[in-house]
Amino acid sequence: MDSVDGLQCLTMTAENPPSGDLIPAPLVTCKLCLCEQSLDKMTMLQECQCIFCTPCLKQYMVLSIREGCGSPITCPDMVCLNHGTLQETEIACLVPLDEFQLYQRLKFEREVHMDPLRTWCPVADCQTVCHISAGDPGQPVLVECPSCHLKFCSCCKDAWHEESSCRDSQSAMPEHGALFGTDADAPIKQCPVCRIYIERNEGCAQMMCKNCKHTFCWYCLQNLDNDIFLRHYDKGPCRNKLGHSRASVMWNRTQVVGILVGLGVIALVTSPLLLLASPCIICCVCKSCRGKKKKHDPSTT
């Protein structure tokens, strides 16, 4: 077995045949690339004992780290009976150091997001994990950042509002720095649904949260889940702020209309066929039901 910084990599090795023996090394089929590889090019997972070729497993891990938002990396075999999960030692052995550090950071951020007793300080330059005192679930709790001493609400992350609800409170505290999401052009904002932090580096203003799949406008945080034609950017304060040319927007709408028309044509064509075939289908179902009833009826045996 190989080792990197004291961590064991479960790379398999084939037993050396006796000298003068020309028996070829056994080959194993990788379930990812479906290619046959020798045992020295395969890696076995600790938890489920599934075997994959090392290059495929490395690529799978890198993609899972970049797209998984810190969630556990599961066995790439879709029919794995043990539902194995990769251990941190395995990940550290097979991916570059920067990718492993990214995985640890995303995993920690996910743990903080899922923990009801921990949250991030909303000050952009702080990035401190704050502890929330236990209270009634869903009720606002005063949280004080141990680093910048900002007092904010545990629910809406706005400045603490003891005598008003989260919806009514829109106060800002510029003396503590720019809060996440208070500026339309802020590089980091919170998803309006799951409140996870999202950073926008480039691209259009139509955003989709990787955590809850909610689609919204980056500038005003309005819901865009049902706006398939992107009409939100035709009027109002976000007009022409989508980030694409007018021609590309029209082409997108044309494609959406084409898909809807195609589905409508398919429905019109298939509906008469279904109506004609429905008596035959009903007869077949009734016949099979009668057969099952006779088979299980004790009076006929």
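A Cβ is built for glycine as well, from the same backbone N, Cα and C atoms used for every other residue.
A quick note: this is a predicted structure, and the numbers were derived from the prediction, not measured.
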**Asked** From 191-220, 251-280, which range did Swiss-Prot mark with zinc finger?
**Response** 191-220
**Request:** Please compare the recorded positions C30, C126, C191, C204, C212 by how many other CB atoms fall within 10 Å of each one's CB, and tell me which has the fewest.
**Result:** C212
**Asked** When the Cα-Cα distance from C166 (Zn(2+) 3 binding site) is computed for each of the recorded positions C204, C217, C220, C238, which gives the smallest value?
**Response** C220
**Asked** So which residues does the zinc finger (191-220) touch in its own chain, when a touch means Cβ under 8 Å and the partner is 6 or more beyond its ends?
**Response** 67, 69, 109, 113, 120, 157, 180, 184-185, 227, 230, 232-233, 236-238, 241-244
**Request:** Go through H161, H232, our binding-site residues, and report the one whose Cβ sees the most other Cβ atoms within 10 Å.
**Result:** H232
**Prompt:** Around C194 (Zn(2+) 4 binding site), which residues of its chain at least 6 apart sit with Cβ under 8 Å of its Cβ?
**Reply:** C209, N211, C212, H214
**Message:** Please report the Cα separation of C33 (Zn(2+) 1 binding site) and C126 (Zn(2+) 2 binding site) in Å, rounded to an integer.
**Reply:** 45
